[in-house]
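Novice: Heads up, here are the entries from TrEMBL:
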DOMAIN    3-120  domain 'Response regulatory'
MOD_RES   Asp55  4-aspartylphosphate
COILED    119-146  coiled coil
DOMAIN    431-529  domain 'HTH araC/xylS-type'
Amino acid sequence: MYSVMIVDDEHIIRKGLINFIKWQELNCKVIYEASDGVTAKKLIHSEKPDIIISDIKMPGLDGIQLSQYIYENHPNIKVILLTGYSDFNYAQAAIQYNVVDFVLKPSSTEKIIEAVNKAKTLIIKEKAKEEKLIQLENNVKETLAQMQEKFILDYINGVFIDNSTILNKMNDLKIDLHHFYVLVFKIDKMKYISNGQNMIIEIKKFISMIFKNYKHYPIILDGQSLCIILSFDHSNHSNHSEYIHPIWSKSQEILSFVNDFMNMSISIGISNPHANFLQIPTGYNEAFQCLREKFYDKNNIFMYSHYCETRSTCKETPINKYIHQIMHFVKLGKTNESMDTLHQLLEELQLSKQSIDHIKTTSIRISSLCSTLLDTYNITFSDVLQNSDNLYQQILQCESISKLSSILETVIQSTASSLNTIDVYDHYLIKKAIDYIKKNYHHPIKLKVLAKHLHINGSYLSRLFKQETGETLTQMITKMRIKKAQDLLSSNDLKTYEVAIMVGIEDPAYFSQIFKKHTGVCPSEYKNNM
């Protein structure tokens, strides 16, 4: 709906125009009336009507002067002048102020309506033209932004190396960089996000909105990350804190938005300040490099200046010493001591900021030693560790030291527990005895038969076994049978008596009795709970 203001020093004229024209049918509404140009001028500033119908002769400020003021200060407002025959020539002066029409008075309402419709048509045309110009400007800006983004990305990737070419390109593309920071944003845990490219575009839009008061250049790097170059006009390049505080604050705002409204986590790397456009790749590398701190730290914002400080205080870690201690405790089946030493090693590696590749290589080395140790007792990794086939791949894909610690804890605990349960000490006869039990647990095993198999005295075997393992042969056999029975009950639809026979116990009642003694529940309850 178009807003209309009536300006005339004659009260009856104003009321006639307001009441005798069906404004609603014209999609118009009279918002104000004024008795002179001075009052109208004040109202125009606050109300900004679309159309003004004004008498040409009024005290204080006449219609011509009012038209001039509108032309110079509010050119979008359309003016219709009411004039008498005697002053029609005088009205010609108003033409230079883009008056829409002149209506002689007295005149019929149809003439007024025609003039109003003419004003509306002009408004529609001008708005369409303005929208077209705005659209054209937006297209030019968008194209320029795309060209700027492509150039900066190519520059970061080393496509341009000649300084004069780079400078000419920056001038052509209106890239103005004197004092700037580079920020790199990376989506965490990309493998869980199916529409990463769309997400990164939305994040880019929000980041541009957050930094709208700064000269900035956002660049999408890939479906998981983007960077933004923030330019500051201030020449005091040394005053780092003046800029880093608002950058840090707005980075926190971005983290909160992405977490709360996009349900994802991102990490942000912030470069040192730079004062030369040739340092754009350097700034990018700084921001990208300090994102590696995410592996050691649970924070989400990382500054290169802090990254350099921590690197400068790094010290060598006696890795071999720690690994030797870990494996010593693992061989003895001492899980707690193994874990404590592992945590000490990882803490040292974290504090010394060893390279991520080096930490992962050390982790693979520990896992490999555990696997080799198990092999000496004829135990395969897959027997004690789930998903052991892709263990090394899991280590290489770790995104944090806490995740890496969790994997190593499982490896060490499984290895130490297995050795603690099956064969703690490297004794040939005990190892052979256990090998025999493992192969024949489903048959009746007599001490006499086992001793004969090992070519030793039965009493000696019994004492040696107890001495070296801390368990009797019967306890070891029973423990192994119960462990196998648990596996069978968990993975097969077998009856209790069938499981008993398969683990070498012919009496189901006796089987149930010893099963409950070792596990705390009877076989049927154990199966139902799985």
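Our numbering is plain: 1 for the first residue shown, then up by one each step along the chain.
Just so it is clear, glycine is given a Cβ too, placed from its N, Cα and C backbone atoms.
Could you place the listed features in the three-dimensional structure?
Specialist: In terms of DSSP secondary structure, the domain 'Response regulatory' (3-120) contains 61 helix, 27 strand, 30 coil.
Counting Cβ atoms from all protein chains shown, Asp55 (4-aspartylphosphate) has 23 others lying within 10 Å of its own Cβ.
Residues of the same chain lying 6 or more positions beyond the ends of the coiled coil (119-146) and with a Cβ under 8 Å from any Cβ of it are 2, 26-28, 50-51, 76, 78, 80, 100-101, 173-174.
DSSP places the residues of the domain 'HTH araC/xylS-type' (431-529) in helix, strand and coil in these numbers: 75 helix, 0 strand, 24 coil.
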Novice: Given the model, what does the mean pLDDT over the domain 'HTH araC/xylS-type' (431-529) come out as?
Specialist: 88
